[in-house]
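Peer 1: To start, I am sharing the structure in question, which I have written as structure tokens.
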Amino acid sequence: MLATDSDPIVAIATASGRGGIGVVRLSLGRAGEAAARALSDALCGARLMPRHASYVPFLDGAGEPLDRGIALYFPAPHSYTGEHVIELQGHGGPIVLQLLLQRCLDAGRAHGLRLAEPGEFTRRAFLNDKLDLAQAEAVADLIEASTEAAARSAGRSLDGAFSRDIHALVDDVIALRMLVEATLDFPEEEIDFLEAADARGKLAHIRERLAHVLGDARQGALLREGLSVVLAGQPNVGKSSLLNALAGAELAIVTPIAGTTRDKVAQTIQIEGIPLHIIDTAGLRETEDEVEKIGIARTWGEIERADVVLHLLDARSGLGPGDEAIAARFPDGVPVVRVLNKTDLTGAPASVTRTGGGAARADVCEVRLSAKRGDGIDLLRGELLRIAGWQAGAESVYLARERHLIALRAAQAHLARAAEHAEQNAQALDLFAEELRLAQERLNSITGEFTSDDLLGVIFSRFCIGK
């Protein structure tokens, strides 16, 4: 534990700006009950009763009221952080909150009270076993959720749904490890522990459950991160019109003049709760205009970072030499949707054709639509969801992060190797046991049983101050 993890800390816990209510939160660490009594007297002029709401004045150093509000005292360990906690709930003006914060620091100086770092309250909740690491991350995800679906999924993670699934997997792996260790520890016995206990069947069951958890986690990661979708193509094929149609608002300027869009225009929309970060880019062509060249260079940068590329073509001319040259530069591994726009000028109906694209672009499809009239926009939305791998109506989804997916995939790989060793019977039992141990270690890293201080620092530094 870091030396600073036991310092008394204080921070404004509500968002900056004006509001009806503002909260200053103190977690008293090693200073404990003595500091709670002293600060209650100094700040509120009264001894606060545990778990009672007291309407009191908040006093300055001269004993004059700065504000009046609700004071709450939660003795350890029955608090958010597991330490003695005081919350002062007053009016949400930025000046009065800063005055109250400074008053807390002055009154608590003798106890070593300092300003909290970002995420430090939740870090202490984790260190004091009030939350595991996945639940702690869910606190930040709930605050930052950009859609209702993301908020509900973060709530499920905070409630422990993700952690319970991980703990169940770990328990199963531990039980299987015990069987393997028993066989290794008693090689002279004629009993085949693995065969008698159906170890291979148990391993198959664990792998099946892990695949299900990974599927839910992928869905949750989609809700959290969303999908970056770049509109690319030659000038004047309707990229800005398509952005406006997808967003349902006039965000980009649309003119018949080629090269109108010289820099990216970005907008986040929602489809079934998934944030789609749509990026309209400069038209791709040879040009001598220096400003347009900069925009085109930025377009290729956005394409390199995209999750999906929408390659727009004019439905009247289809795929021409210029379009083929553009398509040849798209990075491998990035799904490309070929969008033939302006079907209102050809009379062709809106449609979807799944074309495939080889191993590198297995999700490639072709959508014919009219961004101007809105024909086929729903078809395009459906294809984006399909490419993302979204399964509508998934009630068990919990929000997940990239580090969770990495750990789950690593555990999956270790269990796959364990299955290979299990087929070799006694000749590879030690390797079987080691792969199970490594799988358990990767699963435990999700909930924080085996986690370095460096990783904790990165995770909690991304929280807001006061949480």
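Keep in mind that glycine also has a Cβ here, set from the backbone N, Cα and C atoms.
Copied straight from Swiss-Prot:
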- Arg25, Glu87, Lys130, Lys467: (6S)-5-formyl-5,6,7,8-tetrahydrofolate binding site (BINDING)
- 236-241, 255-261, 280-283: GTP binding site (BINDING)
- Asn236, Thr255, Ile257, Thr260: K(+) binding site (BINDING)
- 226-389: domain 'TrmE-type G' (DOMAIN)
Peer 1: Per-residue pLDDT averaged over the domain 'TrmE-type G' (226-389) comes to what?
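Peer 2: It averages 81.
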Peer 1: To the nearest Å, how far is the Cα of Glu87 ((6S)-5-formyl-5,6,7,8-tetrahydrofolate binding site) from the Cα of Lys239 (GTP binding site)?
Peer 2: 51
Peer 1: Please report the Cα separation of Lys239 (GTP binding site) and Arg25 ((6S)-5-formyl-5,6,7,8-tetrahydrofolate binding site) in Å, rounded to an integer.
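Peer 2: On Cα coordinates alone, these residues lie 49 Å apart.
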Peer 1: Using DSSP and collapsing to three states, where does Ala282 (GTP binding site) fall: helix, strand or coil?
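Peer 2: DSSP call for Ala282 (GTP binding site): coil, neither helix nor strand.
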Peer 1: Quick one: what's DSSP say for Lys239 (GTP binding site), helix, strand or coil?
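Peer 2: The residue in question, Lys239 (GTP binding site), is helix (DSSP, three-state).
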Peer 1: Taking just the CA atoms, what is the gap between Lys130 ((6S)-5-formyl-5,6,7,8-tetrahydrofolate binding site) and Ala282 (GTP binding site) in Å?
Peer 2: 50
Peer 1: In this structure, which of the binding-site residues Arg25, Lys130, Lys239 has the fewest other Cβ atoms within 10 Å of its Cβ?
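Peer 2: Lys130, out of the binding-site residues Arg25, Lys130, Lys239, has the fewest neighbouring Cβ atoms within 10 Å.
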Peer 1: Name the secondary structure element type, per DSSP in three states, that contains Glu87 ((6S)-5-formyl-5,6,7,8-tetrahydrofolate binding site).
Peer 2: strand
Peer 1: I want to verify one value. Collapsing DSSP to three states, which class is Lys130 ((6S)-5-formyl-5,6,7,8-tetrahydrofolate binding site)?
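Peer 2: Assignment for Lys130 ((6S)-5-formyl-5,6,7,8-tetrahydrofolate binding site) reads coil.
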Peer 1: List the Cα distance (Å, whole number) between Ala282 (GTP binding site) and Arg25 ((6S)-5-formyl-5,6,7,8-tetrahydrofolate binding site).
Peer 2: 48
Peer 1: At the level of the C-alpha atoms, what whole-angstrom distance separates Asn236 (GTP binding site) and Arg25 ((6S)-5-formyl-5,6,7,8-tetrahydrofolate binding site)?
Peer 2: 55
Peer 1: When a 10 Å sphere is centred on the Cβ of Asn236 (GTP binding site), how many other Cβ atoms does it contain?
Peer 2: 19
Peer 1: DSSP three-state call for Arg25 ((6S)-5-formyl-5,6,7,8-tetrahydrofolate binding site): helix, strand or coil?
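Peer 2: Looking at the DSSP assignment, Arg25 ((6S)-5-formyl-5,6,7,8-tetrahydrofolate binding site) belongs to a strand.
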